[in-house]
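Asker: Per TrEMBL, transmembrane segment is recorded for 94-117, 129-154, 174-196, 240-263, 275-294, 327-347, 367-388, 447-469, 503-529.
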Amino acid sequence: MDQENIMNNSDDVHDIENEGLWDGKEIKRYWSEVSDKNITYKEPFLVKRTNTTSQIAIVGANVCPIESLDYDDPQSQIYAEIFWSLKLKVFKGFFMSGVGESLFNFSCHFFIITLTLKWFQCRYYKAFAAYAGCNVVLAAAAAVLCAFIAPAAAGSGIPEVKAYLNGVDAYSMLAPSTLFVKIFGSILGVSAGFVVGKEGPMVHTGACIANLLGQGGSRKYHLTWTWLRYFKNDRDRRDMITCGAAAGVAAAFRAPVGGVLFALEEAASWWRSALLWRTFFTTAVVAMVLRAFIQYCSTGKCGLFGEGGLIMYDVSSATSTYSGPDILAVIFLGIIGGILGSVYNYFVDKVLRTYSIINERGAVSKILLVIAISLLTSCCSFGLPWLVKCISCPTDLTVSCPTVGESGNYKGFQCPTGYYNDLASLFLNTNDDAIRNLFSTSTKNEFHISSLFIFFGAIYCLGIITYGIAIPAGLFIPVILAGASYGRLVGRLFESISTLDMGLYALLGAASFLGGTMRMTVSLCVILLELTNDLLLLPLVMLVLLISKTVADNFNKGVYDQILKIKGLPYLDAHAEPYMRHLVARDVVSGPLITFSGVEKVGNILHALQTTGHNGFPVIDEPPFSDAPELCGVVLRSHLLVLLKGKNFSKDRVVSGDDVFQRFAAFDFAKAGSGKGIKLDDLDIEEEEMEMYVDLHPITNASPYTVVETMSLAKAAILFRQLGLRHMCVRPPIVGILTRHDFMPEHILGLNPQYNE
């Protein structure tokens, strides 16, 4: 291998990760400066090409720099001391994560229902102005929070959590400010009548709570707990955040087992047996705490929150027997649901790309866009029910008809006494109650075919244009609403040959649409069964999910995978691309490579840290410390900063031995929380100290993962992802370092354009 090919890439932006969100000009200026500074540091390592892959992505609604996480434990002398000094009280962390997510779920649901239902009482008397005005005020408040306090809170947050668990981090992705805005923004956004859900944001909220607990709190907001500071590395925090995401699903759908499977199937990129019981423990805590709140509220102490149980949409009372024509109807549901889901994803892609142009213009543009969508949604919700005729109330009801002053199946709207408006019963209800109305059993003729068609079209379109605006917005509820109305519509069309209940058709329609958009199978199946309490529907739900996913996969990817790509988050797939099999590791390494000796001069280290954004540096032992140059390991930038700040220097180039342990505490080299790490500006190196030496052996990861330069790039990519690596050394003895961005299609195809065809 020619020495001109010995290179490295600037894989991370550690020293500027806590500077906040940047605009496009600042990011371009930074990378221009870094590119100019990437000069040869130590001969004979020469620069032949540099990595031009962008290290920025859209997080929430803003563009910001990103960095990679290292899920591999560094095996250094210092790490051994840290490991044995920790007392991992994992139960406390996971228990608090479950309790915190349960409290948020209860509070969010309580305030949404309280705010929404109080305005329902005035909608019919103060007409459209009061209705739209209330919605616009709430929407604008949610937009202001997102635009000015935490742009990372916009959207569902599931793609960001999925990216984090894949090894991608960005400033404020899981910050306390994001948690704050996610909570209140979700309450305001859902209460404003948008076609969005709180379920997606709850996954992000669960991850934020877990991250806050995992790093021991936040000094900035004076929320610190010393007894929780046990997750001082990316690996343990990843496990904590995986449990937080599972807790979010368990709280949102009251589906503890579904939450575990969601984390396994969709969120986590890396799984192990210990993580299974930890997520199960966390979701079990969520279920128990929610059950306690539900029991408390059943006595009427929660006002408009009302009564309820862990089963949100009980359809177990319907007859679940089915025959040949029913199977044909289910197959039809799955095929059409897959097509509609793929079309939905296509338009979400186009809308997000359009909104990103608007969002780039600043906070005011974001708020104006939110207000415009709010007015459009209000016009549809209030105006479309006028297009349908009033229906006479059934005579065999056990509930009041029309419903007055609360949520229910029969909204009077503009109808006279004894009549109800079926379309208003869907539009002018909370999202949960609209789903409950569609899932209701033994209500064959409650909704006209024309009303179902109008509602489906409106929800389908509003769900597409609403996702991407600067408010916390989940996709689960819009998809379930559209799917349930579509399923009930198909049920009305097949009622002459089918015996399935209309509520079951609505459930199967929701399953088909979920499968067509999100491409999940096992977790969605269990979540839907836990939601509806009808295990007898298991074969039909499995069938419709498999069909819809298979059909939709022929057109595009799942919605969260598409959003990851749109936002520019460098997500590593579980499989390698076919063209990677024709390349080897040395074909994609990029430069410049900067190495350190086992005992290095302080000035050389400081210069390297100042002139590059590298986060990992190979350490090479040379004579007299070894017979020939050999790779000693990899040292991290964060550890170098700690070592330089401690000034454990010597005038002679000698190994310091165990002296380093007397100067540093075990936690000094542990992973710092967001905004707490040492930065270059914190160093105070004197001129005479620049010529002194420092021993890097105690902080060097002596067992880094390495591959030979001739290894297939496809095998290297799979190894990199499965082990959760940040740096992969290419030998012999050190040809370069492979990082996440070296496996990105943009980088590989840029170097090898022949595979673009």
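The backbone N, Cα and C atoms fix where each Cβ goes, glycine too.
Small disclaimer: the values here were computed from a predicted structure and weren't measured.
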Asker: Restricting to CB pairs under 8 Å, which listed stretch, 129-154, 240-263, 327-347, 503-529, is in contact most with the transmembrane segment (447-469)?
Answerer: 327-347
Asker: Sort out the residues at least 6 away from either end of the transmembrane segment (367-388), same chain, that have Cβ-Cβ distances under 8 Å to it, and list them.
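Answerer: Same-chain contacts beyond the flanks: 123, 128, 131-132, 135-136, 139-140, 142-144, 147, 192-195, 355, 358-359, 413-414, 421-424, 427-428, 448, 450-451, 454-455, 458, 462, 465-466, 469-471.
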Asker: Please give the sequence-distant neighbours of the transmembrane segment (327-347): residues at least 6 beyond its ends with Cβ less than 8 Å from one of its Cβ atoms.
Answerer: 460, 463-464, 479, 482-483, 486-487, 490-491, 494, 497-498, 500, 505, 508-509, 511-518, 540, 543-552, 554-559, 562
